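Enquirer: Take a look at this one; I'll ask things after.
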């Protein structure tokens, strides 16, 4: 099995050594340097006398974790969990108790304000992307069209081809360079990353401002560069980043703290806002506020809270409204509300678009097709991704691949248009850039409508162009070539979504199916190709991403017509059932390939035989209430024991008997305590010192310094630390006999990070973390256990 | 404070003593009789040698609980909780471990089958109600119309009035008698009851077959009887009952056991199906499958599970489809899918129906109006309900009131029509029963459209009739009178929903508002009264029921047009915010008036000062692993200590020291054990006897016999019972210092019934149940604690 550098993983590379970062097999010198660094830092850590600045240390630390395995049978231990369970320690409770009910109300209002801001900013970002893409693509297409129009008569269309390919490549290279060199986590649609975040896995850099900026410009470049991608998926990531940023009232990247929303500086609150941001993103992308809420719930939430849901809904609403409003102004129709999303499918209204009960089997058949094609797409992309992980991991290679794809896309498009002789009369519904090419005057090349356009507009044409606008061959060739381009494109090191390409592929074969039906039935009124294009689009998208309820609602909201609710549901369900039979959804595949310890909805059905005893990690490093500082520093510095939560026990009575649980303390809390030197000079004597506040913990959140950056002198090592006030005195516990499904349910429902396993006398026997639960999955031969890789 | 008999409560009366059941203040003789009965049964219980048949005992028991308080500051201890947390005892685990992954898959498939059945049956029931109402109302209106047409010329319209009133009363009395005398829990819309069920509160008889039958015929009678009610709310209850019945594979009422779906015979599984049933009900009522799913989630679910949601969605879809299909056949249009729900709002398509951005403030204003009017409606209904609880509690009085309301409704309608001189030309959009009355030939009375029709059709007329169909006075008077009728009607002892009357009121004033706007702006195109009727309907409904996300989606699905999504959301939000400022939603009011221990989404914000120590019930009755049968019988028979869960402790070492927790056993489990006499003859010796299976527990579910029905001889009292195998060895526990919000979160997220509070050595210190948590609420002066009434 090949190991790969962290380059191709979602985690960001460390800037300093980025370009020369090595592949394990074949770069001896570099890896030697790295391992010596690792060793070095670990020694430094053990001496606990390091006082370097944060950044360089972070680099050292991350570069030690540079290889990740590619196999989906592994879980990487490098991903940490988020704390979705509040640590209810004394400080926290005191603060909460001090707050009056008026203050709680103010807090509630500020939550609404934050959601409004999230909505507005997400809408604005979507608006910016839309306008930028339209302008840039407009310039490009005009230049190319001019060139083609010029050269068609005189010959020399190859120059036009080169021009087109060069333009595409030039635009794409900008985005690819940004993503590959500066923030690899901004690649792709970002939906898998947000899924992981909402699931409780910390993906490094995923909600940082820098990621947002690169994502936005990356999307503009890849869409304008003519790749087979959409700008809708990345909006979900963008919304999430905006939410994470706004809700914290500060930006670590910009080093600005606005001193607002300080209460929200913890994982629990932040997650709620990120859900809202993701929903606002969907809402802006598809004009689907309800769909956005459902997306957030389907992908992320485990606990449904009415007020939270409602706030998410509000953010979604504001987002689509903002987008609508500003796009209305941009299009010169102030006050017009017909642009609720980046894409809308146009209005389906004529009589022919109604469906009859006898069409339902046809829809189900299309669902089956969507499922099969989706599975093929996912499988191909899976192999391609493994290939990429193995061989295309250096940024320069990645950029090269992106440029290559851009050029190939242009070439394929050109070839399609060139060899197609499908001329259509220039009618009222004419294309935006009608290419005459070899058609006679007053006609245009219909293949050009599909290729010589942004994918959104192509989708709309396929839905709405009157019957007869496309000939079957054109559609067939288009489907095939776009299918191949799209599967090649997803996973490139550019910011790009897979929704629109999927819809486009589906719409193309759906329309083809509709034309086929119409010819079979001698053109009955019901076999409207536009209707079948819509159903095909739903089927294909469902077959690839495998979302159900949320996707149904998104599609219905995007079509603006509830009539299609039932067929879309049927088609999505069928596509999911068929697709799941073969292979997982695209996002899940990518999550698995990153070895993320992702917790699904339920424990595997046959896991009742396992109990907490088998699942837990044991023995556990515990601290006592009054612990020696040196001890704590040593434990925290020990790289092989990368724990983040430590049970606090009352006494170690007998040396071999574990102590009674009396709390749980987090690594991050200990770090803050060490940083503020909250030491008791001598054991049992207490010095007057500044009392730590929740604020101190919040200020350090979320980038707690590594232990190596904290200087602890030899004297201080002899001091004691009183953890009573800072530990969570009421961690959730389970007895050792608890079955895995029961542990899982508790873990998932409460969003836990650590669950202490105790015996009947409340002694600490072990600790269950996310990785302990995520490693069991139902394979072909019953329950299987995944390996946990240390890298 | 007045106490009232259980007559008016949701719990069903015991049949034997039904008619003469007394009011506490003023019926000395009866209450004496009752208390002696109570005493009697309690003595019998203590002797534990009773061997009466189940039914009579159940009666005795329930009749002891006949008085419930009316104040909303009380929690009634008579409501028990459902076990939404599986008792994972050895039997259960063994069964689960025996199951192969194929069996789990079969189980999953049978879940889908059950959901399909739920959908089909719910659709059929909805279809039956629709057709029955239409037929019955058709006959009635034709008779009355004939009479009016006859008497208009010759005078003697009072005969028509009497005929109409008598017909209405006659139809309504059937339903009222059924509900009042046979199943009081079938009264009203059933939504509050289903909310409670999904929340985890057991409302007696709420999901029984008898309730369904009475509900269905009750709805038909009250809608056909011309009351200001709808048939939509009751569909939700009907769907839930169907789900509870189908999923159990047997009917206790019919004494038939089909020996299928036995695995689903426990609260956890049943709840999931009931959610699906409720969703299917909404879906059939409004043609809103997505809305149905959201309704179920918003009202019930706390833990969102993707597969479950999807199954719920499937049931909803099947339900609307079935309804559509059969109504299509009924209307003679086989294969037409234009009847997705009992009500649909018709198509909103013309240009005038589009809205502009400057109308948004108007919509918000309408939301405010809806909120205020809704609050008035709820307050009036609250007072009326208290009046009813105090004075109208006997079934005959209840029936009389229902008849009175029916007659008054007819009279008011007649007076409205009679005194209105609003004649409209008979156009294409003519009413179904156009009353000419005093209008000239070729015209009809427009007030009659609103009153002389089922409310569903009136709503549709208000939405779609062209501008000018109604004059403002007509609408004003209609709004006022219908408002009063509707608030009087809700809470009557008939099966009836409040959705349609709310929509109708809102549509009327909304249309009025639209007409006003049009006249202000000299009839601009945008001020279409139909559009404002729709917004008004949403505002009024939102102001009364206060649902948010689900209601938005239901409205959007019912209009069949996504365009109105944004304004409907805005209006519903505004209406909720404004309405909540004054008074709770209608359903919550009724839940509170029943003193149900309902758990909201979160603990009150300012409750961090409370810990499990203060909240828990203590001391707790515990059993030891090997417990004397006599002890168990005594504890279970003790009526003052009506516990349902008992911690099992390892040993009572010192007499005053509580034992270490090693499990939790439920009353229902103990009852089954006692019934099967699972005794160990002498302590520490074990006899060979039939091993109990999960099946034995399932067979007894859900109507476990009362302890009084179990005969235990004096010899047997000396035997021991080994609880190890039957107790749940891994109950969830919390330390005493856990804050209330933390306890609440655990309880709510996992749907617990009992939560054991332990000290640091795992000794049982107390037990937290639903009532302990539900009694805290945020009043005007901070945190308030409700009293728990023993009755």
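Even glycines carry a Cβ here, placed using N, Cα and C.
Heads up, here are the entries from TrEMBL:
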- B:1-11: compositional bias 'Polar residues' (COMPBIAS)
- B:727-785: domain 'CBS' (DOMAIN)
- B:1-29: region 'Disordered' (REGION)
- B:109-133: transmembrane segment (TRANSMEM)
- B:161-182: transmembrane segment (TRANSMEM)
- B:212-230: transmembrane segment (TRANSMEM)
- B:273-296: transmembrane segment (TRANSMEM)
- B:308-330: transmembrane segment (TRANSMEM)
- B:360-384: transmembrane segment (TRANSMEM)
- B:396-419: transmembrane segment (TRANSMEM)
- B:487-520: transmembrane segment (TRANSMEM)
- B:532-556: transmembrane segment (TRANSMEM)
- B:562-583: transmembrane segment (TRANSMEM)
Enquirer: With the transmembrane segment (B:212-230) as the reference, find which of B:109-133, B:161-182, B:308-330, B:396-419, B:532-556 contributes the most Cβ pairs under 8 Å.
Expert: B:161-182
Enquirer: Please compute the mean pLDDT of the model over the domain 'CBS' (B:727-785).
Expert: 88
Enquirer: Treating G and I as helix alongside H, and B as strand alongside E, what does DSSP give for the domain 'CBS' (B:727-785) in helix, strand and coil?
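Expert: Reading the DSSP string over the domain 'CBS' (B:727-785) gives 16 helix, 25 strand, 18 coil.
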Enquirer: Could you name the stretch, out of B:109-133, B:161-182, B:308-330, B:532-556, B:562-583, with the greatest number of CB pairs under 8 A to the transmembrane segment (B:487-520)?
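Expert: When the Cβ pairs under 8 Å are tallied, B:532-556 comes out ahead.
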Enquirer: Are there residues at least 6 beyond the ends of the transmembrane segment (B:532-556) whose Cβ is under 8 Å from a Cβ of it, and what are they?
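Expert: Same-chain residues near the transmembrane segment (B:532-556) but 6 or more away: 282, 286, 288, 290-292, 294-295, 297-299, 345, 348, 363, 366-367, 369-375, 377-378, 459, 462-463, 498-499, 502-511, 513-514, 517, 562, 564-565, 567-569, 571-576, 578-580, 584-588.
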Enquirer: Sort out for me which stretch, of B:109-133, B:308-330, B:396-419, B:562-583, has the most Cβ pairs below 8 angstroms to the transmembrane segment (B:273-296).
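Expert: Comparing B:109-133, B:308-330, B:396-419, B:562-583 against the transmembrane segment (B:273-296), the winner is B:308-330.
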Enquirer: Count the CB pairs under 8 A between the transmembrane segment (B:308-330) and each of B:109-133, B:396-419, B:562-583, then give me the winner.
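Expert: Looking at each of B:109-133, B:396-419, B:562-583 in turn, the most contacts to the transmembrane segment (B:308-330) are made by B:109-133.
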